[in-house]
Each structure stands twice: as C-alpha cells, then as structure tokens.
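Structure first, then comments.
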Amino acid sequence: MSAGFQLGVIGSLALSVASSVAIVICNKALISTLGFPFATTLTSWHLMVTFCTLHVAQRLHFFEPKAIDGQTVILFGLLNGTSIGLLNLSLGFNSIGFYQMTKLAIIPFTVLLETIFLKKRFSESIKLSLLVLLLGVGIASVTDLKLNLLGSILSGLAIATTCVGQILTNTIQKRLKVSSTQLLYQSAPYQAAILFATGPFVDQLLTNRSVFAHKYSAPVLGFIVLSCLIAVSVNFSTFLVIGTTSPVTYQVLGHLKTCLVLSFGYTLLHDPFTLRNILGILVAIFGMALYSYFSVRESKKKSTNDALPVSQMPDKEAEPLLATKDSSDTKKANGLSHDC
C-alpha cells in the first residue's frame, strides 16, 4: 500500500467525519430550532444539488464522466434512494432505541452478506473489534426498545437495502473501474428522483404536515441552502470512503460520527448524559481503535505477501513449472485480490 494511497484514504475518512458532523449540526438547527421536519424531502434536495454541482464540475473538466450500463445505474440509484426512505420510515415508526439497534445491525449483516456472496474473509481479530465497537455504541445510544410489527418490517427492509447498496457501491467501483465521483454523478439523479417523488408523502405520513404548506422564512431557506452545500461533501465522501476502503469500514466510521455527535451534544449543547453514555462512548472508541489497528496490520501483511518475489516462495518443486504456470497463477492472484 503506497504512501499516497494511505494519505488518500486518511483524507477521505477525515472529510467524511467532518462533513457528516457538520450536516448533523446544521440539520439539528433546521429541524429542532427552526421547525422544518421534512427530512426525506430535504435529502432529495441534497442529491439534486449534488448532481448539479458534479455536472458543473464535469463541464469544467474537473473529472471525466464514464459511461456505466444504464440498467445497473438505475437499479443502483433506486436502491440507494429507497434505503434512505426506509431508514427515515424506520425512525418514524420505531422508538429511538430500536432505530439505533437497526443501525447497529447493519455491520453484522454486511459482514454476513460479504462472507456468503463475495467470499470475503474476516479475521477473528476484526470480528472481535467490531463486537467491542457495537457493544460500546449500544451502551451509549440504545435506551428503550419498544417493538411493533410494522416498525420491525421497515427496519428489516432498511437494513437489507442499506447493506446491499453499500456493498454495490464498493463492488461497482472496483469491478467497472469507475471513480467515486463518476459513480455518484451517474446515480445521483435516480436517487434524487425517487426521494423527490416519495419524500413529501413520507414526510407527511411521519409529521402530519405538508412540506408545500410550510412557511419558508429567510433563516429556514438559509439553513436549507447550507445543508445542501454540506451534503455535496457528505455524498462525495461517502462514495469515496466505501470505494477506497469497504462497506464495513464505512459503517465503523459512521459509529465514530455518532460518538462525536453525542460528545458534541454533551459538551457544547449541554444535552443530558449519564455515566452509561460516557462509558459506552469510551468502549466504542476502543473498539474503533482495535478495528483500525487490525485492519492496518492485515493490509500491511497482505501487501508484503503480494510483493514477495516468486523465487522466495517456499515450494521449491514449483520452480521448474514457472514457465508453464505463470499465466494461470497471475490470473489466480488477480482474482484473489478482488476478494480480499
């Protein structure tokens, strides 16, 4: 793993954390303080502004668009848009505690899907660190766990669509050799379209208020514009992180954002907190540190193995066969690199 690639990964992670925390603060002011509760409709505006921004960037030759199979892009965009709507519905029809459990369930379900369908292997160390992380976030954020049938169904659908969407984000970028910018540019219109069409109905179902009847004062419009501008960075960094790392790493990063937002609320906004919240955040941060350590260690180990010359391989009897097996061995090695 080159130093430039490592810096790129660190930069994408930092951008994702900073932009996500910023948009949470902005949206909290918009929803709680200014009384604009239409989250799904707001997300459709985020995606439309993101697409328009990328279109301008493309016209100015900041990146070159790359054609992707139309059916793939449409299905991918609709799937991601649906997952956002389902997550919002899950929050509306469940208690906060059950919604947090839904978000926590995304990591193990992603691991399960990647293990079954992509044959990806997760070491025991990685699994242990993820368990510690989930335990900490659960302690810090999960309170009441009131269950209902409709809410449970919505949560299950939200988990499934979110996991599949994030796995596809990573898979499409690697298999089709497209950048995060190119994929986001192609799929954003379809994500925006499904949320733009369904958002007002979802929001009215959750809030009993119409987004069209809302009074748009100057402060509300100002925060909506600010939220949309920050969302460009959020959407871009999301695709960038998943493309350069993995869906599981992105979910780990998401829980780091949760801890940062909770900490921000406790320290600066004087939100109520208990010793349990503090203990949970500390345990979660410890789990993230373990995950980062084991991930970096395994990446270095893989890089070392990939760089090992053939002459240093332990099987000396294989040496006379190099001339006839070189081509097939190279193909196998390339195939394995996609699974790791």
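Heads up, the Cβ atoms here are built off N, Cα and C, so glycines get one too.
As written in TrEMBL, here are the features:
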- 326-340: compositional bias 'Basic and acidic residues' (COMPBIAS)
- 19-292: domain 'Sugar phosphate transporter' (DOMAIN)
- 305-340: region 'Disordered' (REGION)
- 38-60: transmembrane segment (TRANSMEM)
- 72-91: transmembrane segment (TRANSMEM)
- 125-143: transmembrane segment (TRANSMEM)
- 149-171: transmembrane segment (TRANSMEM)
- 222-243: transmembrane segment (TRANSMEM)
- 275-294: transmembrane segment (TRANSMEM)
When counting Cβ pairs under 8 Å to the transmembrane segment (222-243), the leader among 38-60, 72-91, 125-143, 149-171, 275-294: 38-60
Selection from 38-60, 149-171, 275-294, the stretch that has most Cβ pairs under 8 A to the transmembrane segment (125-143): 275-294
Within the predicted model, mean pLDDT of the domain 'Sugar phosphate transporter' (19-292): 90
